[in-house]
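Asker: Got a structure for you, written out below as structure tokens; questions coming shortly.
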């Protein structure tokens, strides 16, 4: 997969690209990540890429021509171009998996100031947000999305690790424990030390459903529960009601 990130702050990504799994994924050629300085594509003096908005208003807008030049230079028949914007569709684990499977070349556009000249809509396939809040620019969302997709690429991390991630299966992850067995009176649940794989699986499923029901019930609304999950969830609700 190729990910091209368009930004006016290319140095923002230096540490991100040279640390941990992202670094290894690049070195192993499992992903290609390129950072493009938008200022190199403006015709205005001093690398200027913004101007005042027509009709008035606070702040400055990023001008359209540099985006047009750079994106058309990068685009291929396999390109999917995304504008990072608080107005966009919310990015989630399902989107990350879908893009991992279906997109060969992803362009991420980082906005700044009061936004971008709306003619940018002629160049993009989708607007994406990482949540209902506003940041100073698109660089952090670009890193979030790049990290989320890259870790799903085969060989970057063990598949068993991400298949049990929170949200990967549409549920929050069950509680996990490691050594020491007991600390300050807090002990690891006995069932996890039993060696009984089926009982451990059922315990984890129950805890996962319980955590999701308590913290993110919205995730269960559209979930097609299995008979096993429905039975366990009914038990959870009864137990909570009796408390």
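Note that Cβ sites are derived from N, Cα and C of the backbone, with glycine treated the same way.
Copying in the features that Swiss-Prot gives for the protein in this structure:
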BINDING   111, 130, 131, 132, 133, 134, 135  S-adenosyl-L-methionine binding site
Asker: Would you pick out, from the binding-site residues 133, 134, 135, the residue whose Cβ has the largest number of other Cβ atoms within 10 Å?
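Answerer: Most Cβ neighbours within 10 Å: 135.
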Asker: Could you give the maximum C-alpha to C-alpha distance in Å for the residues 111, 130, 131, 132, 133, 134, 135 that bind S-adenosyl-L-methionine per the record?
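Answerer: It comes out at 16 Å between the most distant Cα atoms.
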Asker: By Cβ count within 10 Å, point out the most packed of the binding-site residues listed: 111, 131.
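Answerer: Compared across 111, 131, the most Cβ atoms within 10 Å surround 111.
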Asker: Are there residues of the same chain, six or more positions away from residue 130 (S-adenosyl-L-methionine binding site), whose CB falls under 8 angstroms from its CB, and which are they?
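Answerer: Looking at Cβ-Cβ distances below 8 Å from residue 130 (S-adenosyl-L-methionine binding site), excluding near sequence neighbours, one finds 84, 90, 91, 140, 141, 144, 145.
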Asker: List every residue in the same chain as residue 132 (S-adenosyl-L-methionine binding site), at least 6 positions away in sequence, whose Cβ is under 8 Å from its Cβ.
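Answerer: Once residues fewer than 6 apart are set aside, residue 132 (S-adenosyl-L-methionine binding site) is near 86, 90.
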